[in-house]
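As written in TrEMBL, here are the features:
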BINDING   Gly98, Val99, Val100, Gly101, Asp102, Thr122, Thr123, Lys135, Lys144, Phe162, Leu163, Ala164, Thr165  NAD(+) binding site
BINDING   Glu177, His241, His257  Zn(2+) binding site
DOMAIN    60-172  domain '3-dehydroquinate synthase N-terminal'
DOMAIN    174-318  domain '3-dehydroquinate synthase C-terminal'
Amino acid sequence: MMERIQVGLGDRAYEIVIGPGARALAADLTGRRNFLVTDSRVAELWGSWAAKEIPQAGSFVFPAGERHKTPETVVSICRRAAELRFDRKARFVALGGGVVGDMTGFAAAIYMRGAGFVQIPTTLLAMVDSSVGGKTGVDIPEGKNLIGAFHQPEQVLIDPDFLATLPPGELRCGLAEILKTGVIFDEALFAELERDPDSLTVAPDYARFVPLIRRSCELKAQVVAADEREAGIRALLNYGHTFGHAVELLSDFSIGHGEGVAVGMCCAGELAARLGLWTRKEAERQKRAIAALGLPVALPRHCTVPAMLEAMRRDKKNRDGAIALVLPRRIGAAEVNRDVADAEIGAALEAVHA
Ligand SMILES: NC(=O)c1ccc[n+]([C@@H]2O[C@H](COP(=O)([O-])OP(=O)(O)OC[C@H]3O[C@@H](n4cnc5c(N)ncnc54)[C@H](O)[C@@H]3O)[C@@H](O)[C@H]2O)c1
Ligand SMILES: [Zn+2]
């Protein structure tokens, strides 16, 4: 059965379709010329399916990996589109994980000042987070996602069948984002991840993923509809990310985004416990759930306190030099805090080191 969730954004409203077989709806992407964008790994695994089932007037494949999420790759995507004579009525189709989605969306946002695009996410992380909400962009050496645009997709097709080829480590990264959504908005979602974690990681029971994806998308759709440009509540979705982006950056992107978020949530949880924003017991519960999913709960040694603070200060959510942090109040609620002293943050980071 197919589930449909509306993202209520007026004349830019769109639908998220979720369920086994949702990818078959790509056959209905007719009426306009489609430009398929994917990465080398997805092309290897799903390229022949895409060639047969997604109507397309051209395609572009770039090397897989966060390292390639750069302005240069976006320029290559746009040049390929121009070479193939796509006009602004083109429909860009992003088939892949968050890297493909973020870059294809950004290329669509700037190609001829704006073409449409459709998301067909193939990683769990992209299914529960990056494919919904219209944040697009690329990394530069100075920081992650520092160049980008808000550009909403026209449709999102989420098919859990893609998960069958996803390595366990990537599955875990997606689970980290679901856990994040649970901590900030929904205790029941969090508890669902605490239940039999092995059936989500070691021996995945894919049927369990559909309700998790649906609930995550439902919450994200509500948040995006209420605050598309992140003036308020949407900022809560950055829980664990200010710390996590710093870890990713200091690790030269050798760790997955979800792993960064996982250890970032541990940092935020530790800090919140020290500040008395939530109880030590809740911080421990969060840490146990993260560890049970096989995600990291300790900062790598090279992420020293000064290096972390310096990397965090570059975060684009900051204003006037103060580090903006999302901190939990309980499992199911969080808030943005801009007045935590560096010394407090440093002490919490010290405690999260291995
Ligand atoms: N725009 C947003 O709102 C938002 C939200 C969260 C994360 N992000 C971004 O998403 C990115 C991370 O996304 P990701 O984890 O999907 O990374 P990714 O796109 O790099 O995918 C991870 C790896 O899995 C491979 N892969 C993809 N689908 C596969 C499949 N079905 N089977 C086997 N392998 C497959 C990819 O080729 C890649 O090697 C980061 O750049 C992050 O900043 C954006
Ligand atoms: Zn994220």
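We count from 1, first residue shown onward.
Heads up, the Cβ atoms here are built off N, Cα and C, so glycines get one too.
All annotation found in TrEMBL is predicted automatically rather than curated by experts.
The structure displayed is predicted, hence computed values, not measured ones.
The two recorded residues, Gly98 (NAD(+) binding site) and His241 (Zn(2+) binding site), have Cα atoms 15 Å apart. The NAD(+) site in the record is lined by Gly98, Val99, Val100, Gly101, Asp102, Thr122, Thr123, Lys135, Lys144, Phe162, Leu163, Ala164, Thr165, and its two most distant CA atoms lie 29 Å apart. By a simple count of nearby Cβ atoms, those within 10 Å, the most crowded of the binding-site residues Thr123, Thr165 is Thr123. Of Glu177, His241, His257, all annotated as binding-site residues, the residue with the shortest Cα distance to Val100 (NAD(+) binding site) is His257. Note: the domain '3-dehydroquinate synthase N-terminal' (60-172) comprises 50 helix, 33 strand, 30 coil (DSSP; helix = H, G, I, strand = E, B). With every protein chain in view, the residue among the binding-site residues Val100, Leu163 whose Cβ has the most Cβ partners within 10 Å turns out to be Val100.
The shortest Cα-Cα distance from His241 (Zn(2+) binding site) to any of the binding-site residues (Asp102, Lys144, Leu163) is found for Lys144. Comparing Cα positions, Glu177 (Zn(2+) binding site) lies closest to Thr123 out of the binding-site residues Thr123, Lys144, Leu163, Thr165. Among the binding-site residues Gly98, Thr165, His241, the residues whose Cβ sits under 6 Å from any atom of ligand 1 are Gly98, Thr165. For His257 (Zn(2+) binding site), the nearest neighbour among the binding-site residues Lys144, Leu163, Thr165, judged by Cα separation, is Lys144. Taking Cβ-Cβ distances under 8 Å and a sequence gap of 6 or more within the same chain, the neighbours of Lys144 (NAD(+) binding site) are His245, Glu248, Leu249. In the three-state DSSP assignment, the secondary structure recorded for His241 (Zn(2+) binding site) is helix.
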